[in-house]
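What TrEMBL says about this one:
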DOMAIN    2-373  domain 'Amino acid transporter transmembrane'
TRANSMEM  20-43  transmembrane segment
TRANSMEM  76-95  transmembrane segment
TRANSMEM  115-132  transmembrane segment
TRANSMEM  144-166  transmembrane segment
TRANSMEM  178-198  transmembrane segment
TRANSMEM  210-233  transmembrane segment
TRANSMEM  253-281  transmembrane segment
TRANSMEM  293-312  transmembrane segment
TRANSMEM  318-339  transmembrane segment
TRANSMEM  359-382  transmembrane segment
Amino acid sequence: LQGIFVLGLPYALLHSGYSGLLLIVLAAALCCYTGKILIACLYEENEDGQLIRVRDTYEDIANACCKKLSPSLGGIVVNVTQVVELIMTCILYLVVSGNLLSHSFPHIPLTEKTWSIIAFVTLLPCMFIRTLKIVSKLSQLCSLVHFVIIFVVITYCLTQMHQWSWAKFRLSLEFEDFLVSVGVIIFSYTSQIFLPTLEGNMKNPGEFRCMLNWTHFFACILKTTFALTAFLTWGEKTKEVITDNLPSFLETLVNLCLLTKALLSYPLPFFAATEIVYFCISKDNHSNYRSPLLALTVRGSFLLLTLLMAMFTPHFALLMGLSGSVTGAAMTFLLPSLFHLKLKWKKLSFLEKCADISVFILGFLCSLAGIVCSVKGLLAVFG
């Protein structure tokens, strides 16, 4: 899920300057922290002081927090938020796939929508994915392709070291451009939706915190290196998607790699969204489908929905930004900190309470700023 945003990091540095480098580090630390406190909400201490996993999903955490108001209100809000974000992500991959195919084969007289349909056909086997193991193998391939893309871009940039200059960094910032950079950087780290399921499927859940630390540390190093080398290479000419800056012979290769990555990325949010909906409908175990026909119907409906929205939603990028500002900030910052305060208030130290409150305020401000920018963009388009 991070690949699309990572390719925009050099462009984010163009608009944020030196502060962008600090933001990449800060975003890694914050997202790692909210991931840990979210998982902490899955556990409660027993009489012997041992931590026992009493909740399994984001929905369970929300229901535990809102049980005095309504037993299922919190779960409904979380599930709707999760499904909206996941479906919008799936649609984005389809749109991106159509765009990449049309740019990779410009001599074939097909529109981007037609190419998106072709990409959709290759995703039909997603209807028959029943376990997270298959999705994880596809995600491993996706990560491999991602590293190939990063390696190609960084290698090319290193060949251009003779023209690097720190003078390319901006000292003065425009507020709205800076907010766009904040959104790109923060949402390049978001993964909280998948963490409860991931932690629950680990052979040794006790290693989760260590795993989260190392993955965010290496992600921060990789993203900083990638964004810095690319921006130093192209400076003010840095484009929104950095692969557009590459020479034509490399651009086609990288675009095909990006297409592969987009198609391999699709199953994870698709599987997560359909699991949530199917579980809500059937109230059955997540991993066992008692009604194969219902499961196929849910998955088929979601596949078709993503295609139709990719085909007919006008100004999708702006709508994606709007929904991402709402759902992304909520799932990454607002809800984890709020739930942690609610469930662990009596056991938290003063500094931990301050940290959670600070993350909540920061998430709210980021969400509000993103909404304002997206709405202004929509008004400008429709006005």
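Including glycine, each Cβ sits where the backbone N, Cα and C put it.
Unlike curated entries, TrEMBL annotations are predicted automatically.
The shown structure was predicted, so the numbers you read here are calculated from the model rather than taken from an experiment.
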Most Cβ pairs under 8 Å with the transmembrane segment (76-95), selected from 20-43, 210-233, 293-312, 359-382: 293-312
Contact ranking winner - 115-132, 144-166, 178-198, 210-233, 293-312 against the transmembrane segment (20-43), Cβ under 8 Å: 178-198
Most Cβ pairs under 8 Å with the transmembrane segment (115-132), selected from 144-166, 178-198, 210-233, 253-281, 359-382: 253-281
Same-chain residues at least 6 beyond the ends of the transmembrane segment (210-233) whose Cβ lies under 8 Å from its Cβ atoms: 2, 6, 9-10, 12-14, 20-21, 24-25, 28-29, 31-32, 35-36, 150, 153-154, 156-158, 160, 163-166, 168-169, 188-189, 202, 242, 245
Distal contacts, the transmembrane segment (178-198) - CB-CB under 8 A, six or more residues away: 1-2, 5-6, 8-9, 11-13, 15-16, 19-20, 23-24, 27-28, 30-31, 34-35, 38-39, 42, 55-58, 61, 82, 85-86, 132, 208, 216, 219, 223, 268, 272, 321, 324-325, 328, 331-332, 336, 366, 369-370, 373
